[in-house]
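Some features that TrEMBL has for this protein:
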COMPBIAS  615-644  compositional bias 'Basic and acidic residues'
COMPBIAS  651-682  compositional bias 'Polar residues'
REGION    599-691  region 'Disordered'
TRANSMEM  6-25  transmembrane segment
TRANSMEM  32-52  transmembrane segment
TRANSMEM  174-193  transmembrane segment
TRANSMEM  213-231  transmembrane segment
TRANSMEM  378-398  transmembrane segment
TRANSMEM  428-449  transmembrane segment
TRANSMEM  527-546  transmembrane segment
Amino acid sequence: MSAGPLVVEIICTCCLAAFLLHRYGDLRKQNILTTLTTFISWYFSFLIIFVLPLDVSSTFYRQCLQDKAPKILTTTTTTTLKPVNVTNTSDTSTILSSAVPSSPALQGLNNVPVPLCQVPLSHVPENVLPTLWQVVYWTSQLLTWIILPIMQSYSTAGDFTVAGKIKTALIENAIYYGSYLLIFGVILIYVVAKADLQVDAERLKVIGITASNTWGLFLLILLLGYGLVEVPRSVYNSSKKGFVLSKTYFKISKLSTEKTEADEALEDVLDCPETMRHAVPQNNDDYEDYNRSSIDIPSEKTLVRLHKRVIQDSQNHHRTHAQWNSLMQKAIDLEDVERNEQSSITKFQRSQHSSSMMPAFVRVFYTPEIEWYWRCKVYFWVMRVCGVILAVVTFMVVWSECLFFVKDPILSLFAVFINAAKHNYDYVFIELSSILTIAYLCFCAYYSIFQIRILNLYYIAPHHQTDEFSLMFTGMMLCRLTPPMCLNFLGLIHLDSHITKEDNIEETSYTKIMGHMDVISFISDGFNIYFPIILVLLCICTFFSLGSRILHFLGVQQFIGDDDMTQELVDEGRQIVQREKRNRDRKLDSAERRREWTEKFGATSRSSDRVIGPRTDRERAREKETVARSPDENDKTELLKEAEPIDYTGELSSAADTDFSQGYQRSSTLRSNRFGSRTSNAPPRGIFDDV
């Protein structure tokens, strides 16, 4: 018995949650309350995933003690103990003798071998895990149903005071909470109406847990029906050369429209405060002036609505640009891989736009030669093998979900493997397989959430690009889906006595806290019937891309490989990437020329600034305001800049050249004499012949 593994898992889970929050969130910019609540929700959800296998192994150990204790009692009652000098013992000591035999002479008289129950290395006292589950579960439920929804509404509220933001958040969540209270009331009336059920405080708590788990399990069905098929397929498709690049082009083409709309929406909403500022006269500095004024003054509600629009459009603008930069960088990296595959040099050569975010000590081992063999040769085979393995795991999950309620014979594959390890006392295999299975289910479910992107409101992007709204949404979904998902896993391995219908089975501490789904009969009976059917149907529809084809038929652009519209969008995305690379090249060239000019003629620039005078910030702002932005500016200027320069050398006469050069020299001389700062040599003739 040691608490070492439990302490190690608690610390490692804490470090994992902190690392992911640092990778996806911006700790310096986001609110401290958002960081704290998101960290707790992620940490407690991961803690359930990693600590539940320890509870499973401890449960098997207690089950072993329970199964072998009655055999010892029977043999001791039918055997005469007088010839052996054995003191009288109580029932408790007799039960404990199942783990450690009291005397070798006793075994010799009974001639009954007493197998020992091996204690798991991660076994802890019986009161530790129930206390831990109480704290973790109820804290996560408080976060997912009350605190995080209110904080989400608070972050998007347009009020200018804390009290106003809280009031708006409560009003927005009133409908949200009202719907759940209505469902809970209907369930409560149904329970009270049944004659064989008595309602008390403990029963109400179980009903609340059951309602939360039922909602989570039905949502889990929809998410797993998509993720269990799409995750292996996406991994396997990544091994196809050119497939991922074409799909990235397609996404860029679709996102370009959203990016343009987000930019225009933000510009429009930012023009509204300036219009309102000009609408208010500058001399209206008193409340009476506002009352007597005939000008339409914006009210506080109008300003609140405008502020909310600014917040929402800013979040949408940040989301689209973060996704745009991520997809663009991915497309550039994939193009580098495609170019290096066709090269005869076995060294990976990166373009100047590719991402090389690797520490120096990694570059010592991950040389360009190793990178070429990995990314151009080995990577595709590894992804293909991983895709096949994940497809096998998906088949095992679907098979077990369909047949987990069949107890004789045991048809759930996970239950077969776990029971075999239980008889061999292989607690390490039990814990590792449980962690991997729960983690795979969680990954498939959360992959579906961010692939579907409900109304494009939520996204998760690395390199500190995820906003607070999406971070709180991920924490809320983790706390809401992880507990019922773990309860479903316990049913898969037949550790739920109300599913296997066995009375002598030992339940986990997690199940004792969570309860069972048989408080309401039509939920407990119907769930075992309709859950497998719905899951299999959703998996079949996802496998044949039925949803994408229906949306494509209705006019929503979807990636369908054998479609002309898809190919047009792929070609458009390829052109967008090429334009973006040329724009970046021009920016880099401009920055390089500016740096060289500053290094060579830094003194000249400073002297001209002293004579002419530097521009103030107000003048720069005025120049920006006077120049209107056109949505087609980038494309038009790019076409003009790509045009070949026209040579007018033949059309210029020698006299014009002489006059022009002399005029330049005269103007240069006059300017030099006027400012009297320095003299320079005359420029060579024909310096502007190509203009």
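Note that the numbers count up from 1, one per residue, in the order the chain is shown.
Note that Cβ sites are derived from N, Cα and C of the backbone, with glycine treated the same way.
Any TrEMBL annotation is an automated prediction that lacks curation.
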Do any residues of this chain, six or more beyond the ends of the transmembrane segment (428-449), have a C-beta under 8 angstroms from a C-beta of it, and if so which?
49-50, 52-54, 56-57, 60, 122, 220, 222-224, 226-228, 230-231, 390, 393, 397, 414, 417-418, 421-422, 458, 474, 477-478, 481-482, 485-486, 488-489, 492-493
List, by number or range, the same-chain residues at least 6 past the transmembrane segment (378-398) whose CB is under 8 A from its CB atoms?
224, 228-229, 231-233, 235-241, 413-414, 437, 440-441, 535-536, 539
Residues sitting near the transmembrane segment (6-25): Cβ under 8 Å, six or more positions beyond its termini, same chain?
35, 38-39, 42-43, 46-47, 50-51, 54, 122, 124, 128, 460-466, 468, 471
Distal contacts, the transmembrane segment (213-231) - CB-CB under 8 A, six or more residues away:
390, 394, 397-398, 441, 443-449, 451-452, 480-481, 483-485, 487-488, 514, 517, 523, 527, 531, 534-535, 537-539, 541-543
